[in-house]
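Quick notes on the structure that follows.
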Amino acid sequence: MAMQKIFAREILDSRGNPTVEVDLHTAKGRFRAAVPSGASTGIYEALELRDGDKSRYLGKGVLKAVEHINKTLGPALLEKKLSVVDQEKVDKFMIELDGTENKSKFGANAILGVSLAVCKAGAAEKGVPLYRHIADLAGNHDLVLPVPAFNVINGGSHAGNKLAMQEFMILPVGASSFREAMRIGAEVYHHLKGVIKAKYGKDATNVGDEGGFAPNILENNEALELLKTAIQAAGYPDKVVIGMDVAASEFHRNGKYDLDFKSPDDPARHITGQKLGELYKSFIKNYPVVSIEDPFDQDDWATWTSFLSGVDIQIVGDDLTVTNPKRIAQAVEKKACNCLLLKVNQIGSVTESIQACKLAQSNGWGVMVSHRSGETEDTFIADLVVGLCTGQIKTGAPCRSERLAKYNQLMRIEEALGDKAVFAGRKFRNPKAK
C-alpha cells in the first residue's frame, strides 16, 4: 500500500523543547509519530538537527528537520511509491538519500519521524497490532512483556541536586505479570515519596524530567539506602531489585571521574576508573543492584573491560554503544559490556534499531529498550519492546503522562494477548532462554 501524503510539524516535548511530529496518510488512515530527544547524549549518536536560531526556542527549533521532511524526504518517498510494509526498503532509501554517516544532512530526528510513522502504517496495512508487525520485521515468533525499570531517584544531568549518578531504578522482577509489576512499582514509588518527605522535607519530593524524585543528596549510596528502605516499607524485598544508570561520561574529567561534578571543579577529588569500579562493587555487595548502565566514560574501554570481567551483574552500554552496530561490534570484541540500551533516536531508523537489537542478542547480550528524557505522548517503544522480546524497558517513573503513556500501552498489550501473554520476570536479561 503506497503512501498518499507525508506531513511534518514542530511540536513540544515533555521539557518544553521543540521536536518533530510526522503524519503519514495511506488509504487506511492517518499514522502519527513523534520523536524524543535526550539530555545526556553520547558523542557517537546520530545527529539530531536543531535550527540554532537563538532568537527562537533558544536555538532548539526543529523547523529545518521539518522542512527536510516536507520538501525533500516526503516528496521523494511518494514519488518512489514504496509500500509501508517494506520498512527496510523505506529506511534504506531515506538513509541513502541522506548519504552521511550520522544522518547529519536531514537529521536523525527527520528520518526517524518518518520511519516510525511508516512502521505504524505498515502494521495497519497488514491488519495486525504494531507489536506483532515489529516482531515480524525482527523475525520473532514470540512476544514478551518486559520488566519495567522505573527511574525513581534522579541525579546527574537530569536533576538540580548534587547527586552525580543519573538514575536509580527499581525493577519488580518478582511480579507475575506486567500489570502486577506496575502495581508493585507504583506502591514502592509512593512509599519512597513518604520516606524522602520524612527525611528531607516536602521540597525534596519534587520530580525530575523522568518523574523520579530529586532529593538534594550528594552520596550515591544514600540514594540506594532510600530505595532499600522504600522497598522494605512497601513489603517487596523479595520481588524488587535495583538498577542504576550512572551516565559516567557526564562527570569524566581528564581521564578521571568527579563524583561532585556540579560543584566548582577541584582536580584533587577526582578518582580513577578503578576506584569508581570498587565503589560499584560495594554497591553490588550491600544492595540488590543487578544492573549498572554506563559505569564509565564512553571511550574508557579498558576500564569497562576489566570491570565486566570481575562482576556477574548486567552491565549496560548506552553512551558506549549508542544503538550503533559498529560500536556494538567493538564492545562485543572488547568484552566491555553485556547489555545494549536501545534508543531508536540514537541510530535514527526502525530498521537499524532492529538490526542493533539482533546483533546484541546474537552475541548473548541482554537488551533494554529505553525512552529519552525529553519525551512525547508517543507509545511506539511499548510495542517495540514486546515485538523485540528484550524483556526489559526503562521509560521513567510511574509518574508524568509522557512516561505513563508507554506503561499504560504495555498494560493494554498484555490484556490483548490474554493467556498468551508472557512476562519476562526474573529472566529479564534473557527472556527467550528456556
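Each residue, glycine too, has its Cβ placed from N, Cα and C.
When the candidates D238, D245, D258, D260 are compared with the Mg(2+) site entry in Swiss-Prot, which names E293, D318, the shared residue is D245.
Taking the Cα atom of each, T72 (phosphothreonine) and D318 (Mg(2+) binding site) are about 31 angstrom apart. Note: the Cα of E293 (substrate binding site) and the Cα of D245 (Mg(2+) binding site) are spaced 4 Å from each other. Remark: D318 (Mg(2+) binding site) has G42, D245, A247, E293, D294, L341, K343, S370 as non-local neighbours, by Cβ distance under 8 Å and separation of at least 6 in sequence.
Taking the centre of the Cβ atoms of D245, E293, D318 as the Mg(2+) site, the nearby residues of that chain (Cβ within 8 Å, site residues left out) are Q166, E167, M244, V246, A247, I292, D294, V316, G317, D319, L341, S370. One residue stands out among the recorded positions T72, T205, T229, S370 for having the most other Cβ atoms within 10 Å of its Cβ: S370. Shown are the recorded positions K343, R372, K394; of these, the residue with the fewest other Cβ atoms within 10 Å is K343.
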